[in-house]
Amino acid sequence: MNVLVIGAGGREHALAYKLNQSNLVKQVFVIPGNEAMTPIAEVHTEISEPDHQAILDFAKRQNVDWVVIGPEQPLIDGLADILRANGFKVFGPNKQAAQIEGSKLFAKKIMEKYNIPTADYKEVERKKDALTYIENCELPVVVKKDGLAAGKGVIIADTIEAARSAIEIMYGDEEEGTVVFETFLEGEEFSLMTFVNGDLAVPFDCIAQDHKRAFDHDEGPNTGGMGAYCPVPHISDDVLKLTNETIAQPIAKAMLNEGYQFFGVLYIGAILTKDGPKVIEFNARFGDPEAQVLLSRMESDLMQHIIDLDEGKRTEFKWKNESIVGVMLASKGYPDAYEKGHKVSGFDLNENYFVSGLKKQGDTFVTSGGRVILAIGKGDNVQDAQRDAYKKVSQIQSDHLFYRHDIANKALQLK
């Protein structure tokens, strides 16, 4: 069968790589993709991701059997709806169901209604009310802008001054807009991907841990993710089971009960508190860079899992008996302003590197985004995989990239 992947980043690179391995898949297309994907897929950078009509026309022309949507924006914009209306099979939720990521308030309200464990929250609609609220709120407080923010719309404020600054950032010159304040939760964070079809929820039996902050020791601003690893040895199978029972199954049932037909992967960003696992966020797609490490460890056929889910079967994932560590190299300045067009070399176009922000300029690759390339390390345990990942990092040549030196350290410190 012919499969079309939508997206241009490292997550989509990993999806294309994994789908290309499937005996069920004859051809993988990627729109818009990036040139690093050309060994495994037919890449069409000339078609832009927001051009839904061009994507539809391409899918018709190439007799595409399945479309796999990687990023959140096309889901929120209703690409899945348009494709389904024209008879295509799509892995990714429709516009209505994608609100679970598109609106933090939508997600909080549905969790509140169905008693799904999450932090207490307060919504405000005006800047002046936000400034009033923080005068007496408990610190630290988590400040979230409603809507999509590429993983960067969350600020943890430890002081009133930091909270005021967060509000200024969220509102800018506007006086109105929805901001959600949340009680700060303490504990170990983890990411659980769950395949969902209506009220059928099939969680991965392997979790990953992301590293959101830009710099070592979890310092600096939030990013889209500076690295990840799996499995997470200090999060037990019992916690995974509890997360499934108290979060994954209830949210699938809640969404269907509210009239939202979710089909795709639901990302559960959770935290293990002293009171058990609680939801930090939901995403309507694979995490990035979690997808890269999880799909590298997945032994079973991703395409078969998607078909099983479509047929309402409780698919069984199989995993390699190894650990995976992924370290992200990003443009200096990210997640704030950064330069583009800097040469990057030293890496191979294979499963050891997944590219997020590079483009071809002549025969060389140059930076084109904030997060640039993820180096994948493999090993019998986390320590060996971490060593292998940083060896792969050291092979990359560029004067304009930075990376964290402590990806997966938590797993080693908590042994």
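Cβ atoms are placed via backbone N, Cα and C, with glycine included.
Listed in Swiss-Prot for this protein:
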{"type": "BINDING", "residues": "134-191", "note": "ATP binding site"}
{"type": "BINDING", "residues": "GLU281, ASN283", "note": "Mg(2+) binding site"}
{"type": "DOMAIN", "residues": "108-311", "note": "domain 'ATP-grasp'"}
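Feature map: Swiss-Prot annotations on the structure.
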residue: ILE134; record: ATP binding site; contacts (Cβ under 8 Å, 6+ apart): VAL141, ALA157, ILE160, ALA163, ARG164, ILE167, PHE181
residue: VAL142; record: ATP binding site; contacts (Cβ under 8 Å, 6+ apart): ALA119, VAL154, ILE155, ILE156, ALA157, PHE181, GLU182, THR183, PHE184
residue: ASP158; record: ATP binding site; contacts (Cβ under 8 Å, 6+ apart): LEU139, PRO140
residue: ALA166; record: ATP binding site; contacts (Cβ under 8 Å, 6+ apart): VAL143, ILE155, ALA157
residue: GLU174; record: ATP binding site; contacts (Cβ under 8 Å, 6+ apart): LYS127
residue: PHE190; record: ATP binding site; contacts (Cβ under 8 Å, 6+ apart): ILE207, ALA208, GLN209, VAL232, ILE235, ALA270, ILE271, LEU272
residue: GLU281; record: Mg(2+) binding site; contacts (Cβ under 8 Å, 6+ apart): GLU101, LYS104, ALA107, TYR267, GLY269
residue: ASN283; record: Mg(2+) binding site; contacts (Cβ under 8 Å, 6+ apart): GLU72, GLU101, LEU266, TYR267, GLY269
Rounded mean pLDDT for the residues that make up the domain 'ATP-grasp' (108-311): 95
ILE134 (ATP binding site): secondary structure state under DSSP, collapsed to three categories: coil
